[in-house]
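According to TrEMBL, the domain 'Cytochrome c assembly protein' annotation covers 289-397. What TrEMBL records for 6-27, 48-67, 79-98, 105-123, 135-163, 175-198, 265-283, 306-330, 345-362, 374-396 is transmembrane segment.
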Amino acid sequence: MIKVMEYSLLATFFFYLLSTVAFVMAVTGKGSRAGKEVHTRLWGRRGIALAIGGVALHVLFIVSRVLVGGHFTSNLFEFTAFLCFAIVSSFIILYLIYRTITLGAFVMPLGVIMLAYASVFPRDVEPLIPALQSYWLHIHVTTVALGEGALAVGFVAGLIYLIRWVGENPHSATATWLEVILAIILMVVGFVLSSFIFGAMDYQAAFQHNFEGRMVVQEYRMPAFVGPHEGVTLQADSFLGWKEPLMEAPSWMKGEEAAKKLNSVIWSVLSGLLLYGLLRGILRKRVYEILHPLVKSLHLETVDEISYRAIAIGYPIFTLGGLIFAMIWAHEAWGRFWGWDPKETWALITWLFYSAYLHLRLSRGWHGLKSSWMAVGGFVVILINLIAINLVIAGLHSYA
């Protein structure tokens, strides 16, 4: 069963990757008008077929993981992998409604990035801590991920709208802010690439430090910009002659792995900026200018509607999982409905943001550009919760 789990995850990744290639081929077709339409339909069908096949394999991975571990999603690897499943599944549903091939050329790469990002974290199957041994684990995590999956598709549609609009209005302030958002996305990509590179190099470092009166050892898989506060280097591979941490984590950062998590964030930022600089230097274009040819034939009204529909689907599901079910479980596990834990706080911020989105769209007529910016901003809030809060700030959800 362990082999089934491992091979199904690997096959899922390649199916999603091939689906990405097929959708990109569909929207970059060449030839006469009639020939281009046939080309687009053919590659679009291949793309959606591969996406559906990938989801089927993903289900096999999830089921085999549950059978091997005896429990549902409980750590960052499992949650992020399930979030990838939710994103692709939400896309397939919306694709079958709107038949917008270009959406696949942007959503499927996001699925690939999410699955690759999940693989950065430890994949060992571990027993549940007592606080997680509840049927509410399945309900809470499933609904949160499914809701965020639909919201992610709304983000992609909003991003497509902005790229399409900015391509025709390149000198607006929107163009600058859109480029910033794309640079942030590249930071996630850069972190994934850096992790795989150092993993292939089998880079290792270990630091010992005092945590709550006991000596603990932190193992790094990437060179240390930041070491533990008052830590001692036990062992470190050389990278370009660099072994020792450049600085210590500040004393106010809490958590046994605080320094390691901060180091990951720094690598994300620096590798993303390097990747952005390489793209700008080689192609001599802004990132949105590189992507604009893929979306220039889309109708803005259709993309705006897809973004709204995706968020309208994801919002109530996230409300159930991220707030209502979460509070019930918190009361069962810790004896209180709300404790202002960092993850709880950011779940509330996410909910308030999307509540404002729906209110402004339905009551104030915020369609088009304003609505798309809010769809993008909402997913940035989700990413902060998923990445920054998990990797930097310690709390009751640190096990996840």
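Glycine too: its Cβ is placed from the backbone N, Cα and C atoms.
Curation plays no part in TrEMBL annotations; they are all automatic predictions.
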Helix, strand and coil residues within the domain 'Cytochrome c assembly protein' (289-397) as assigned by DSSP: 88 helix, 0 strand, 21 coil
For the transmembrane segment (265-283), distant same-chain residues with Cβ under 8 A (at least six beyond the ends): 182-184, 186-191, 193-194, 222, 225-226, 290, 387-388, 391-392
Long-range neighbours of the transmembrane segment (6-27), counting only residues six or more past its ends (CB under 8 A): 39-44, 46-48, 50-51, 53-54, 57-58, 60-61, 64, 81, 84, 88, 101-102, 104-105, 108-109, 111-112, 115-116, 119, 294
Same-chain residues near the transmembrane segment (105-123), Cβ under 8 Å, at least 6 residues beyond its ends: 9, 12-13, 16-17, 19-20, 23-24, 26-27, 47, 51, 54, 75-78, 80-81, 83-84, 87-88, 91, 152-153, 156, 159-160, 188-189, 191-192, 195-196, 294
Mean of pLDDT values spanning the domain 'Cytochrome c assembly protein' (289-397): 86
